[in-house]
Amino acid sequence: MDYKETLLLPKTTFPMRGNLPQNEPKRFAKWFEKDVYEKMKKSREGKELFTLHDGPPYANGHIHIGHALNKILKDIIVKFNYFEGKAVRFTPGWDCHGLPIEQQVEKKLGTAKKEQLPKTKIRELCREHAAKFVGIQKEEFKNLGVIADWEKPYLTMDYAFEADIYRALCEIAKEGLLVERSKPVYWSWAAKTALAEAEVEYEDKVSPSIYVAFKLDKEAVQKIGKEASIIIWTTTPWTLPANTGIALNPDIEYVLTSDGYVVAADLLDELKEKGIVKGDVEKSISPKDLENLHAINPLNGRRSRIVLGEHVTTESGTGAVHTAPGHGEDDYRVGLKYDLEVLMPVDDAGRYDETIVREKLLPEEFVGMNVFEANDKICELLGDALLKKEDIKHSYPHCWRTHKPIIFRATKQWFIAVDKAPKDLQKTLRQIALEEVEKTTFYPEWGRNRLKSMIENRPDWCISRQRDWGVPIAFFRNKKTGEVIYDEKVLNYIAMIFERMGTDAWYSLSVEELLYPGSGYDPNDLEKVMDILDVWFDSGSTWYAVLKSRRYDAGNYPADLYLEGSDQHRGWFQSSLLVSGAIEKRAPFKAILTHGFTVDEKGEKMSKSKGNVVAPMDVAKKYGVEILRLWVAMSDYQSDLKISDNILKQIAEQYRKLRNTFRFMLANINDLETIQSDFGVLDRWILAKAKSVFEEVEKQFKNYQFAKGFSALNNFIVNEFSGIYLDVCKDRLYCDALNDSHRRASQSAMALIAKSMLGLIAPVLTYTADEIVEHAPSVLRNDAEDIFDFAIEPLPEIQSDFDEVYMIEARSKFNEIVDQLKKKKIIKSSLELVIETTSSKVLALDATEREDWFIVSGVEEEIGSKELGDFKVEGDQFIIKEAILHKCPRCWKYKAKEEGALCERCQKVVDGLEQAGS
């Protein structure tokens, strides 16, 4: 007789294979059709609120794997808080202004055509470009299963948003922190604009390293008693025409050599080795004796004043620093102190202008020459004063967009002064920011010191740009006096116009139209400031325009979390902190989380030329979004994250194990209608174990340590749960009577674990969790329509005195012997065996549980049969023997008294089925 029909075999509609690339888009589309974000908001009304404020990606190009990592990590954190029972807010946004978009438009038009167009037309084309890529990126993010307020995102180019950026600027001006002054700033000659620190990238560059002798003038020669020269060292010969000083350190010892050179004593040996100085020390010189005396610039014969500055070191060079206040921050500072002339002979395109002729700095042939191309010619002009020249490779600042080396150039710019105090406050903006860093929680903790040191060392923030596509620094200036009009009514009226017409109004309307009626100002006396704001000011104001304005249902200010790549310590985290610190005197965030960058499996940066680029949409098409999401969760995001086909295959294998574990549970609880609370020893053990593991997982997730949490979950599934418990339950699940207490207890334990585990995986594997709910029996899903009706459900408190370490060791030693017996073909199945033992820990279990633990046909104190092996655990003897009874054709245990007969348990079950059927 075939007993298969009498077995309670697993049944589920949940498929073994996910077919993720085909099925995910359909389910995602359903989510967005029924607006699950709104559903999530409604289902947590009145609950504690969690706000993640989205750092805006740039509306240019398709998303790359770094974007995917960032948005998925945000999505996981938002969903984790949701499944924890909190109300959540996640309003996505885009950075829409700035140079990269303007460059794309310029590329399409060509520079000549762009220069012929009015600003309003250029801005219109930039707006179209940004809008196109907002649409593209929005769909790409949605295709990653990211749930957010996609219907009401924030765009920094929206009219009301532009008005709020402008209002934030006006608030800072009101605090007295906005200053306009001429100062050297990072200048991109290729893009013809000033740059902020965050827009500068360091790349290797080959530069001429030169040592130049500046002869001391008569007065200085008299002072030291000998004709001599001070040697300076520089890697920017092109700045020498603008030299107005030579800086020495007041605390360093200098020497005069017998061949007539003044250098730092500590660097003399090095300079001798290089053949620059040949003489020995003639006498020691105090730098203070040379202060305010002069040397002669060999390029043009102009006098160069000797000044003292703490910035001069003896790490390299000569101990004497060539000082051109128009070309460097330190030079500028020391120049202010000594009132040195600021010469700026370089135009916005990085070429020498007419200043070199007017001020007699260089011959006329240099006019119009790019400064970097002029280096060699300047070296030729130096003649004998050039003591040594060699090329060196060094790290040099480059423009983040054009990738061309930048220059320092003194121009009139707008700055946020970090060392000034906001109105009515004793603390400077820098002090406010540093205090707020101390109050902020950092994930990982090292982010605190990184942000702190950047704020400690940062200069004033240059917020003006000489470009077209951005929010204008919309102030009026009195033509005669140069005074800027900060009249609150004037500023408010401009903001109102921007809200209605966008900031294009600054370019399309006249001064008269921009002044409020009856302002009392004569439009003919005023001119517009035509600079635009640094794009980092836009994104630094998002808290103001999104969280404070209440135009968006985006959550609370300050936000619970800001989350971006580790490069944002110098970017968005800092700009947001400075804008918020200036206006609100506090940080706009309670916590900052940073992640590393994506690299290939060898740890190398991705590039098209290397062919190691992993595109998120390619991963989605090949493996499925769930695999990408699981990769994010299982990677240590605190350092750089490795991704490759190999790594994704391993992640896919882990996903398969997880999916199959859920499938097994669903298939085996399909006939369970109510969860019971009367459990056996093994059920209590697995429930207690699961509770402890799930609490650890939840704790790690709360600290955003998803990799540690998933590692603990995976270990539990592979080892104790799927590896032991589900295996030992198979006999009772398939062969016991439908309502047998052992069977129902195990099903109940599984249902509880499935429910609790579902809430834990849902933030990461939302698609799979939703699919599980769809196919789950009612005992698991209750009235849930989808996964968004769920919350993390803690397991009940269950006491277990099961000696896990002892029992797992016994099972493991037994299985080693079973493997040997199978290899030797002595047995085919462990059910052919029985165990004889005196172990009180094993014998304390009821007969069924101890048999199931080892998957044998009996475990007794004494069984007389053929011995096949033995082992010991903590001194207790276990003897493995051949089963003496016959194989039951239904359960395959060797417990039948006669050949072909059923064992006692199976006979009862079959009899019961026959009675029920008659």
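Each Cβ is built from the backbone N, Cα and C atoms, and glycine gets one as well.
Look at Swiss-Prot and you will find E564 tagged as L-isoleucyl-5'-AMP binding site, backed by sequence analysis. All protein chains shown were included, and the count of other CB atoms within 10 Å of the CB of E564 (L-isoleucyl-5'-AMP binding site) stands at 21.
The ATP binding site annotation in Swiss-Prot covers K608. Other Cβ atoms within 10 Å of the Cβ of K608 (ATP binding site) number 7 in total over all chains.
The Cβ neighbour count for C906 (Zn(2+) binding site), using a 10 Å radius and every protein chain shown, is 24. Look at Swiss-Prot and you will find C888, C891, C903, C906 tagged as Zn(2+) binding site, backed by sequence analysis.
What Swiss-Prot lists as motif ''HIGH' region' is 57-67. Among residues of the same chain six or more beyond the motif ''HIGH' region' (57-67), those with a C-beta under 8 A of the stretch's C-beta atoms are 94-96, 98, 100-101, 104, 129-131, 133-134, 136-137, 140-141, 155, 565, 597-598, 606, 613-617, 619, 643.
Residues annotated as motif ''KMSKS' region' in Swiss-Prot: 605-609. Sequence-remote contacts of a segment are chain residues at least 6 beyond its ends whose Cβ falls under 8 Å from one of its Cβ atoms, and for the motif ''KMSKS' region' (605-609) they are 65, 597-599.
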DSSP three-state assignment for C906 (Zn(2+) binding site): helix
Given the binding-site residues C888, C891, C903, C906, state which is nearest to E564 (L-isoleucyl-5'-AMP binding site) when distance is taken between Cα atoms. C891
Rounded distance in angstrom between the Cα atoms of C891 (Zn(2+) binding site) and K608 (ATP binding site): 59
Which residue counts does DSSP yield for the motif ''KMSKS' region' (605-609) in the helix, strand and coil classes, in that order? 0 helix, 1 strand, 4 coil
Residue counts in helix (H, G, I), strand (E, B) and coil for the motif ''HIGH' region' (57-67), per DSSP? 3 helix, 1 strand, 7 coil
Taking 8 Å from the centroid of the Cβ atoms of C888, C891, C903, C906 as the cut-off, which other residues in that chain fall inside it around the Zn(2+) site? C735, P889, R890, W892, K893, K895, A896, L902, E904, R905, Q907
Cα-Cα, C906 (Zn(2+) binding site) versus K608 (ATP binding site), nearest Å, comes out at 65
Whole-number Å only: compute the distance from the Cα of K608 (ATP binding site) to the Cα of C888 (Zn(2+) binding site). 64
